[in-house]
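Enquirer: Okay, these came from TrEMBL:
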- H85, M87, G112, E133, D158, N190: S-adenosyl-L-methionine binding site (BINDING)
- 92-276: domain 'Ribosomal RNA adenine methylase transferase N-terminal' (DOMAIN)
- 27-63: region 'Disordered' (REGION)
Amino acid sequence: MSSWAPHLPSSLQPILQPCLPELRRRVPRPRPWLSPRDNGSGSVGSKRPEVKCARASQKSPDDYHATLRALNSRGRKPRKSLGQHYMLNSEINDQLAGAANVGEGDVVLEIGPGTGSLTNVLISSGATVLAVEKDPYMAALVEERFADTGRLKVVEEDFVKCNIGSHISLLLESLSASGGKARFAKVVSNIPFNISKDVVKQLLPMGDIFSEVVLLLQAKTAVRLVGSSVRTSEYRPINLFVNFYSDPEYKFDVPRSSFFPQPNVDAAVVTFKLKKTADYPAVCSTKSFFSLVNSAFNGKRKMLRNTLQHICTPLEIETALQHVGLPATSRPEELTLDDFVKLHNLLVRP
């Protein structure tokens, strides 16, 4: 190991060896007053800085060293298979909570809390947190860290397989029975990039439970979900899905240097204001609507009169398109959400 590594706590040695390239970039070299030649008198280098005790009410720091200590306490390393990248920038966590206006009495779902850096901010803001964590070691760590707050419930499950509606409903009912006022929950999460699409598909139709969803996503995914529009190459069924169930907004960028280990891509934060069932676009069946949309995009460059022939004849499709005010030769990438709703209601009978 390099000459400066031994000055770090010896308890970190097992985990530091594979992390040296990352560590060299992130750990500052000792300032003069921390030099091993300093006998404590402050005679070497500049004057030793004054040390002030943090107030008890302040959040404990969640930085690079704290993250390593937390991981090492469980003998863990970030697992690529679980998409584990830990947030090191406390300001980003504050902004995530701020994007959802998290405050006293809120109930917040967090997916993949890891070492609890975002959980720390949410609980300090007055929220009760339901944390879903697949990694049993991290689940135990975060549960132990906030055990004395009375504001955390940990569910050790794979989020994409769990019945989150049941978990959050039980928590809301429990809080209501004990005098709480929360009627809807919020979602605030720094999620693994590899399950982003699954998380979005699972959460957005739950507007009768969650009021809003704030997610830290891979930057390209965030742009595709929010920025892709009609007549662009990135326009996909997921864009219609997102706008059917929510009002999305791209909030801010997050550089890759904010994470450990550092991913190969930047990130971004997106908010989704969820619609209640009564506010969804008027279709007789959401299942048949998205079935039509997916069929239409199966041949993205093909005309709808060809891709939707399993629903009705090409002539009926052309007639329906003309009723919507579109050319008979229209392709799926040329239709807005409202266009697809009108077309569906003309072609699909209740």
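Sequential numbering from 1, following the chain as shown.
Glycine residues also receive a Cβ, built from the backbone N, Cα and C atoms like all the rest.
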Enquirer: Taking all residues of the domain 'Ribosomal RNA adenine methylase transferase N-terminal' (92-276) together, what is their mean pLDDT?
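Expert: Reported value for the domain 'Ribosomal RNA adenine methylase transferase N-terminal' (92-276) is a mean pLDDT of 92.
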Enquirer: Would you work out the biggest C-alpha to C-alpha distance among H85, M87, G112, E133, D158, N190, the residues that bind S-adenosyl-L-methionine according to the record, and give it in angstrom as a whole number?
Expert: 20
Enquirer: Around the Cβ of H85 (S-adenosyl-L-methionine binding site), how many other Cβ atoms lie within 10 Å? Please give the count over every shown protein chain.
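Expert: 22, counting other Cβ atoms within 10 Å of H85 (S-adenosyl-L-methionine binding site).
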Enquirer: If you draw a 10 Å sphere on the Cβ of M87 (S-adenosyl-L-methionine binding site), how many other Cβ atoms land inside?
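Expert: M87 (S-adenosyl-L-methionine binding site): 22 neighbouring Cβ atoms within 10 Å.
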